[in-house]
């Protein structure tokens with residue numbers, strides 16, 4: 001017995017064709033879609049054909065996790081909200097990409113995001129709605145996720161146009177995340193501009209739908225910078241606020257924080273007996289520099305979350321939050337410490353030191369993962385940061401062997417050079 005039905009339902013699809021007399025159609029519940037073998041002979045194999053009408057679109061389901069930010073800026077241009085999020089990691093990531101295939105005549109598009117009804121991306125000659133070439137991924141009137149091609153004129157509802165030469169359509173609606181990918185040879189065409197070789201603004205839109213009718217929602221509309229998809233460059237530049245936040249964290253934990261830790265460990269011996277404001281000089285410098293470090297960390301933390309207003313996923317935000325929490329409590333615990341002669345003072349000294357080492361380690365990890373989000377394909381920023389870390393580790397080892405003011409001065413000279421190089425690199429990105 002052979003039967004063809006639609007996945008997840010009892011609806012028959014297609015029709016069978018077999019050699020005459022070899023089988024017959026069985027009508028079960030008025031459904032002539034089953035074949036039963038005749039002649040009363042057990043058959044090991046039999047040839048037959050099954051036909052499916054292509055009068056409607058065929059939808060191939062795949063996992064939404066197959067769309068990711070991998071190779072963005074290398075083989076494809078990408079646009080995401082929140083910035084630099086990865087749809088393979090975060091279910092709240094709105095993401096689209098465009099990759100020019102070999103030959104330069106076809107483009108593979110991907111889009112994914114939280115399901116509200118539909119998501120869409122389009123090409124525009126400005127950063128306003130209207131006169132845009134749009135592709136929509138949404139639930140149609142048949143209850144299936146599909147792709148539609150639309151064109152908007154002015155601020156009226158976009159009109160559906162022929163899908164054209166679109167193939168390799170794959171769609172998914174899983175865990176409240178809707179995704180579509182497809183390949184097309186249809187050139188981008190908007191009023192006054194057409195072709196893949198031109199520069200366009202990418203826009204991303206999402207909103208509710210009703211019975212296959214897509215309702216525009218401007219609260220989810222976002223635009224990229226102008227981009228040419230023939231060029232293998234990242235679609236969106238890292239926002240300036242993100243760069244500023246990252247720069248603050250870099251300064252805090254690779255320069256000022258390092259200075260504070262070195263002062264407490266080495267200057268205490270070198271400047272013994274030297275005071276300022278009736279306090280040991282090393283203590284005054286240590287407290288001032290570390291308070292500056294904590295303040296920079298708090299500002300950077302607030303700025304990045306105020307800008308993204310979301311959790312982007314991955315290791316970077318986790319490490320950043322841990323650094324923020326431990327940094328916040330470090331000075332509070334220090335203010336509540338017992339006196340130098342107290343018999344439990346060693347507990348504070350040990351915990352204060354260990355917490356500082358943990359914060360430093362987590363901060364370095366956060367910096368590496370943050371730089372990786374904006375680094376170029378050659379990994380220049382990561383390489384410089386690796387050199388920066390190696391430089392610091394080398395001088396820590398040397399100073400443990402012998403405390404020398406010249407070594408400390410040489411260390412900070414190199415520290416500033418590495419810091420400036422990274423800040424310039426971040427600014428360029």
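From the backbone N, Cα and C atoms, a Cβ is placed for every residue, glycine too.
Keep in mind that TrEMBL annotations are predicted by a computer and have not been checked by a curator.
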Ranges 217-236, 317-336: which does TrEMBL label transmembrane segment?
317-336
Which range of 191-213, 283-305 is transmembrane segment, per TrEMBL:
283-305
Which is it, of 164-183, 244-263, that TrEMBL names as transmembrane segment?
244-263
Any idea which of 130-152, 406-428 is down as transmembrane segment in TrEMBL?
406-428
